[in-house]
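This report refers to the structure that appears directly beneath it.
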Amino acid sequence: MAVIKVRKTGQVIEGEDNVRAFLNSQGVLYEHWDITKLPEHLRDKYVLTDEEKNEILATFKDEIEDLAARRGYKTWDIVALSDATPNLDELLKKFEQVHIHTEDEVRAITAGHGIFIIKGDKETGYFDVELEAGDVISVPEGNPHYFTLMDDRRVVAVRLFIDPSGWVAHPYEEKEEAVQ
């Protein structure tokens, strides 16, 4: 289950209903998928063949298609990151820059962990959303954020897009408050 940490205040928000309510107040979609549907051999695997990626997509076909129909997503894929990923540190440097997108950034975590650091409203400031398997998040178009891995440096996620070109980040320059 996701855990939120508000950087300004140190407040920690836990529990599915509390997390969903907080994220909803910030315009961020949060859902939870039943990760027990995923075959056991894929639950802790971070180097995936194309066949295994397709198996994950097939497992969550109904959830993906439902989310796509509700939010206008047209294409999806699997991203798998771990210490076995070539150039992982370079990729993380790219991901760890505060940026925006011209569409939602959607991730459904199927294995491992990741953190989205998201700019909330003026009162809230930046907050961390620690995600684990089963957590689904959609950071709205134009909302400053970045993503990084947790200490285990492993994640597998379904990514959904409107634009078939996939993940395209645009730099964001902080005008008033730094990411603390």
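Cβ coordinates come from backbone N, Cα and C, glycine included.
What Swiss-Prot lists as Ni(2+) binding site is HIS99, HIS101, GLU105, HIS145. Following the DSSP three-state reduction, the secondary structure of GLU105 (Ni(2+) binding site) is strand. Around the Cβ of GLU105 (Ni(2+) binding site), the number of neighbouring Cβ atoms within 10 Å comes to 23.
Per Swiss-Prot, Fe(2+) binding site is recorded for HIS99, HIS101, GLU105, HIS145. In the three-state DSSP scheme, HIS99 (Ni(2+) binding site) is classed as strand.
Annotation for ASP104 (site 'May play a role in transmitting local conformational changes'): spatial neighbours LEU29, ARG71, TYR73, SER138, VAL139, PRO140, GLU141, LEU160, ILE162, criterion Cβ-Cβ under 8 Å with sequence separation of six or more. The annotation site 'May play a role in transmitting local conformational changes' is assigned in Swiss-Prot to ASP104.
Around ARG107 (site 'Important to generate the dianion'), the same-chain residues six or more apart in sequence whose CB sits under 8 Å from its CB are GLY114, PHE116, LEU131, VAL136, ILE137, PHE147, ALA157, VAL158, ARG159, listed in sequence order. The site 'Important to generate the dianion' annotation in Swiss-Prot covers ARG107.
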Secondary-structure category, per DSSP, in which HIS145 (Ni(2+) binding site) falls: strand
Listed binding-site residues (HIS99, HIS145), ranked by Cβ neighbours within 10 Å, top entry: HIS145
